[in-house]
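Since the structure comes first, as C-alpha cells, the remarks are kept for the end.
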C-alpha cells in the first residue's frame, strides 16, 4: 500500500525552481531596460519657427474649367485641390486654405506653430520700410492727382472752346437775321420787334 501511495503522489507536476527563477530574472531585466529606454528623453525634433509664405497660393487657376475624372486619374489631377506636401486632396478652396494653414501641413513642412519673437531692431527696420512705402505711395498719389488735374484742365479748355464756337455761331446766325430783316419795312420791323436791327440798305 505504501508503494501505491508513493505512486499516487507522483501524478503531481514538479517545477524546476532554478529554471523559472532564471526566466523571472530575465523578464525583470527586460522590463528595467524598457523603463530606462522610456525614461531617456528622446531629443525633440528641432522645427523652424512659423514664417510668412513667400509664394502666392494658387486657388483660382482651375476656376471655371471642367475635367473628366476616371478611376485611373491620379490624385493630383482629380477634382479638388491637391496638397503635394501631405499627399491629400481637399474638395474646396476654404478647406484647402484651412489645411495649408493647419498644424499637420506645417509639421510636414518642418515648421512648428510658434512665431518668432521680433527684436527692437527688426521692428525699427519694419517701420522704416513701411515709411518708405508710404512715401512712394504719396508720390504715386501726387502723380495721379496731377494727372487728374491736367485732365480737368483739358476738359475746361474743351468746354471753353465749345462755348466760343457756339458764340461765333450765334453771331453768324444773328448777322444772317439782320440781313433777312434788312429788306423789311422799318415800321413793320418795329411792330414785329426787330427795331434794334439796322438795315444796311437805305
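Numbering starts at 1 and runs along the chain as it is shown here.
A Cβ is built for glycine as well, from the same backbone N, Cα and C atoms used for every other residue.
According to TrEMBL, the domain 'U1-type' annotation covers 78-112. Away from its own ends, the domain 'U1-type' (78-112) comes close to residues 47-51, 57, 59-60, 67, 69 of its chain (Cβ-Cβ under 8 Å, at least six residues beyond either end).
Per TrEMBL, the feature region 'Disordered' maps to 158-202.
Each residue in the domain 'U1-type' (78-112) has a pLDDT score, and their mean in this model is 87. Secondary structure of the domain 'U1-type' (78-112) per DSSP (helix as H, G, I; strand as E, B; remaining residues coil): 15 helix, 8 strand, 12 coil.
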